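Student: First the structure, which I've put down as structure tokens, then a few questions once you've had a look.
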Amino acid sequence: MGNTNAGFVPTEPPPEYALTKEPTLPPAMLKTPDEERKEKSKDIPDSGPERVMWGNQIEFLMSCIATSVGLGNVWRFPFVAYQNGGGAFLIPYIIVLLLIGKPMYYVEVVLGQFSSRNTVRVWAMAPAMKGIGYAQALACGYILSYYVSIIALCLYYLAMSFNATLPWSVCDPEWENCVPSGLTENVTLTPNSTSSAELYFVRTVLQQVDGIDDGLGTPLWYLTLCLLASWVIIFIIVFKGVKSSGKASYFLAIFPYVIMIILLISTAILPGVGDGILFFITPQWDKLLELSVWYSAVTQVFFSLSVCTGPIIMFSSYNGFKQNVYRDAMIVTTLDTFTSLLSGITIFGILGNLAYVLERPVIEVVGSGGTGLAFISYPDAIAKTFQPQLFSVLFFLMMLVLGIGSAVALLTAVNTILLDAFPRVPTTLMAAGSCIVGFSIGLIYVTPGGQYILELVDYYGGTFFVLSCGIAEIIGIFWIYGLENVCLDIEFMSNRKTSIYWRLCWGFITPAMMIIVFIYALISFEALVFGENYVYPVLAYVGGYLMLVCGILLIPLFIFTNMYKNKNAGSFRDILKKSFRPKSTWGPRSLDLRSEWKLFKEVAKTERQQMRTSWFKHICMIITGGYRRRM
């Protein structure tokens, strides 16, 4: 499994291998004074200035919860589940969570904490794969560019929720075939009928044009103000890095649950709620045989947990070396699933009440997913509740906080890379610069044609691209750096032996499932169509494919660049080894810990070599953890 020059040692090592600050090295590891000076000169710059740390372990946990529990749980999961088999979707979703989501989340928090490095520098473990870190940072940039514009829409709707009459609950005289969303009796529908919530969103809020062939238009002033306010809020949270965002994480992580519980209780007492919930969880078993359902499960897990984009590695890099990240990873991944189910029950409970009020089947009041779900389907249902203003304020306040929590993580992931690259730049100045750039780019999405660009960036720069980064990441970690090396690093850091479950997932099951899903996505990949039938201009498709291709090409580009730097290493095989072998500076940030870790690895390697009799047995021992059990 990749670079397997590592093995296992007993939990209680023999006295001659006791891990002290000044370990007694075996003769083979002794260095001359000149070699020691060279080694230290390489290590010290890598250690750099004192790295900022979380105020306490709870701040890290809350930040991870605020990151993973976001808009994807509320507006994406319920309808993804509904469209892919309802209750039956929970089966592939939970399987994917156990075999892909949890393993990827756990290894990312491990690597970040073990190395105290960002998503780029962590690839000192396999230097040629450094392009993965830059690709993930680019993915963060793509997502963040439009994500804050959605937060701006939430802020706008929150402000409008304080009106005596919700503006989307009534029709404008100029709207044809409009049906007031606030109307609950004597509703007459025709094939051309459109709810006032939809017309309000499309015509009043977005002022959406019929296409972007003639341009995007100028930014709308009220959405621009909301976008500016959103970026100001984000800046206030991140201007001191994790020192400030860690304090804000308590509110960002806990407050949405307060709102969710209030909404759930308020919804539970409404008539018709049970029908909506049953509609949501009723399984369509035939869907389990469709590969598209499993693809949806994988993308939902990636989108929800924020794995393979950088924030998880970034957050854990600010941890203390001995923190119990195993516990934290299990808490966050489990809580994320619970939140998705909670939001699904709440949302479909509201839709069940809407069906009861309108005396129609639930399926006829279920709208579409995506942006339309958050700003058309939900407002339309809220307008018909007995306290529409209260429900609206609570809902959009929850959406606002959820969105900000995820946006803070995405921005911090990018800022951490920039701050580590330019350590002399003050954190506040870097945060201000990033927010200004983000606001400037975000102006594109608050134009009358902005939603067309949002769909384009999300489609080409989001899901498929992130899945590509995920596959490259797992190959780089477990097939190049080595599964056994990762397990040794975990044991050294946390004194925890890695079970066969994690080893099987990391070594075979997770990469196999991801590659199968990737091949399916590649085969079924089609040009984006906006709405039902709008075909983008050729130039837009060119831009979309460039976003995707440029991001993916970063990975092979850095591989070839690194190999070129090592062209004098000897034969092609030697060049490969040097390009993919861990740097001498790889390991714990502390020089003392790094010395202990190197001794730990050397002892493990020696003891493993004494047991190894064949290559097949070697692989079996790695997958089963046999080297550790036999110590």
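Backbone N, Cα and C atoms are what each Cβ position is placed from, and that goes for glycine too.
Note: TrEMBL annotation is automatic and uncurated.
Quick paste of what TrEMBL says about this protein:
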REGION    1-50  region 'Disordered'
COMPBIAS  32-49  compositional bias 'Basic and acidic residues'
BINDING   Val69, Asn73, Ser304, Leu402, Ser406  Na(+) binding site
TRANSMEM  90-111  transmembrane segment
TRANSMEM  132-159  transmembrane segment
TRANSMEM  220-239  transmembrane segment
TRANSMEM  251-273  transmembrane segment
TRANSMEM  293-317  transmembrane segment
TRANSMEM  329-351  transmembrane segment
TRANSMEM  393-417  transmembrane segment
TRANSMEM  429-447  transmembrane segment
TRANSMEM  459-483  transmembrane segment
TRANSMEM  504-523  transmembrane segment
TRANSMEM  535-560  transmembrane segment
Student: Quick check for me: are there 3+ Cβ pairs below 8 Å between the transmembrane segment (251-273) and the transmembrane segment (329-351), leaving out pairs under 6 residues apart?
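Tutor: As far as Cβ distances go (cut-off 8 Å, pairs 6 or more apart), the transmembrane segment (251-273) and the transmembrane segment (329-351) touch.
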Student: Taking only same-chain residues 6+ apart in sequence, whose CB is under 8 Å from that of Val69 (Na(+) binding site), what do you get?
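Tutor: Long-range Cβ contacts: Ala253, Pro256, Leu335, Asp336, Thr339, Leu402, Gly405.
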Student: Quick test of the contact rule: Cβ under 8 Å, at least six residues beyond the ends. What residues does that give for the transmembrane segment (90-111)?
Tutor: 64, 81, 84, 122, 125, 281, 283, 288, 293-294, 297-298, 300-302, 305, 307-308, 312-313, 315-316, 325-326, 328-330, 332-333, 337, 341, 470, 473-474, 477, 486, 489-490, 493, 502, 505-506, 509-510, 513-514
Student: May I ask which of the stretches 220-239, 329-351, 393-417, 459-483 has the most CB pairs under 8 A with the transmembrane segment (429-447)?
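Tutor: Between the stretches 220-239, 329-351, 393-417, 459-483, 220-239 has the largest tally.
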Student: Let me check one thing: do the transmembrane segment (393-417) and the transmembrane segment (535-560) come into contact, meaning three or more Cβ pairs under 8 Å with sequence separation of at least 6?
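Tutor: Contact absent: fewer than 3 Cβ pairs fall under 8 Å.
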Student: Tell me whether the transmembrane segment (459-483) sits in contact with the transmembrane segment (293-317), defined here as at least 3 Cβ pairs under 8 Å among residues 6 or more apart in sequence.
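Tutor: Yes, the stretches contact each other.
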Student: Are there residues at least 6 beyond the ends of the transmembrane segment (504-523) whose Cβ is under 8 Å from a Cβ of it, and what are they?
Tutor: 1, 96, 99-100, 103-104, 107, 291-292, 294-295, 298, 464, 467-468, 470-471, 474-475, 477-479, 483, 486, 622-623
Student: Under 8 Å between C-beta atoms and at least six apart in sequence, can you list the same-chain neighbours of Ser304 (Na(+) binding site), or say none if there are none?
Tutor: Ser68, Gly70, Gly72, Asn73, Arg76, Phe77, Asp336, Ser340
Student: Same-chain residues six or more away whose CB lies under 8 A from the CB of Ser406 (Na(+) binding site)?
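Tutor: Result: Ala66, Thr67, Gly70, Leu71, Tyr147, Ser306.
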Student: So among the binding-site residues Asn73, Leu402, who's got the most Cβ atoms within 10 Å?
Tutor: Leu402
Student: How about long-range neighbours of the transmembrane segment (220-239): same chain, 6 or more residues beyond its ends, C-beta under 8 Å?
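Tutor: For the transmembrane segment (220-239), the list is 148-149, 151-153, 155-156, 159, 205-207, 245, 248, 252, 404, 407-408, 411-412, 415, 427-428, 431-432, 435, 438-439, 442-443, 445-448.
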Student: For the recorded Na(+) site formed by Val69, Asn73, Ser304, Leu402, Ser406, which further same-chain residues have Cβ atoms within 8 Å of the site's Cβ center?
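Tutor: Output for this site, in sequence order: Thr67, Ser68, Gly70, Leu71, Gly72, Val74, Asp336, Thr339, Gly405.
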